[in-house]
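Student: Here's the feature list from Swiss-Prot:
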ACT_SITE  50  active site, proton donor
BINDING   43-50, 162-165, 191, 199-202  ATP binding site
BINDING   74, 168  (R)-pantoate binding site
BINDING   74  beta-alanine binding site
């Protein structure tokens with residue numbers, strides 16, 4: 001089994017990527033610049049959705065780098081930063097089992113050094129206007145900043161992210177294009193439980209019974225997608241989705257969005273919307289142990 005090299009600082013991860021490139025270049029008689037690096041950024045507590053990204057990265061690259069970093073700047077004050085699930089030991093085993101080359105495991109002080117008076121952030125301005133951005137002020141500034149930093153550190157050929165976080169996908173594609181970062185952003189299909197519930201580290205907050213209840217989210221979205229032509233206008237469509245979801249008294253819908261899959265902005269003036277638009281939502285599930293925020297998306 002391939003050794004997983006764990007790097008907990010920036011200098012080390014850069015050195016290890018460089019060493020791997022030289023090694024592969026010599027072994028396979030390839031030019032250094034031809035060596036492809038696949039990168040999967042995560043916040044840890046890995047599940048089969050994350051692993052599917054790593055497996056695809058392995059198929060398409062010479063070197064696979066995964067990062068685990070619970071990024072504090074993308075959490076608001078009332079969110080779950082302090083309680084976000086973590087199991088580095090198990091994550092490392094999973095990554096080793098699928099043949100990951102390098103694991104970048106920085107601390108907040110490494111990514112946001114306080115002693116230097118850290119004050120630089122990346123803002124994709126359009127993301128403040130999307131529904132998820134309005135619902136979580138400052139979230140996308142945190143996402144854009146950490147992803148930019150990770151890309152500058154790892155300089156990957158390809159970056160792999162899951163479609164479930166649709167607005168993050170749009171944000172990252174925009175920043176890579178606008179900042180002329182030489183990385184391909186590859187969006188991978190959402191991985192779901194057999195029940196339809198989208199895989200998420202936050203599902204660990206829910207009991208088995210609550211996860212079954214949460215699986216109704218995807219089923220309701222699919223049902224409305226299949227019946228969209230029976231509605232005459234956008235607002236009645238959204239209202240009915242909200243109404244059906246909130247038949248479960250433990251669900252409180254934050255928003256239902258019909259948006260462009262390119263900009264993330266709401267499609268107001270066309271219904272039914274163009275093919276491949278995003279139908280997404282966020283809701284609060286008032287579960288027994290804690291309030292849990294769930295998101296999901298399907299492509300229309």
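Cβ from N, Cα, C; glycine included.
It should be emphasised that the depicted structure is a prediction, and the values quoted were computed from it without experimental measurement.
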Student: Starting from the Cβ of residue 43 (ATP binding site), draw a 10 Å sphere and report how many other Cβ atoms land inside it.
Tutor: 17
Student: In the three-state scheme derived from DSSP, which category covers residue 201 (ATP binding site)?
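Tutor: It is helical.
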Student: Between residue 43 (ATP binding site) and residue 50 (active site, proton donor), how many Å separate their Cα atoms?
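Tutor: Spelling it out, the Cα of residue 43 (ATP binding site) and the Cα of residue 50 (active site, proton donor) are 10 Å apart.
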Student: For each of the recorded positions (49, 50, 191, 201), count the other CB atoms lying within 10 A of its CB, then report the residue with the highest count.
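Tutor: Max Cβ neighbours within 10 Å, all protein chains included: 50.
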Student: Between residue 201 (ATP binding site) and residue 74 ((R)-pantoate binding site), how many Å separate their Cα atoms?
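Tutor: About 16 Å separates the two Cα atoms.
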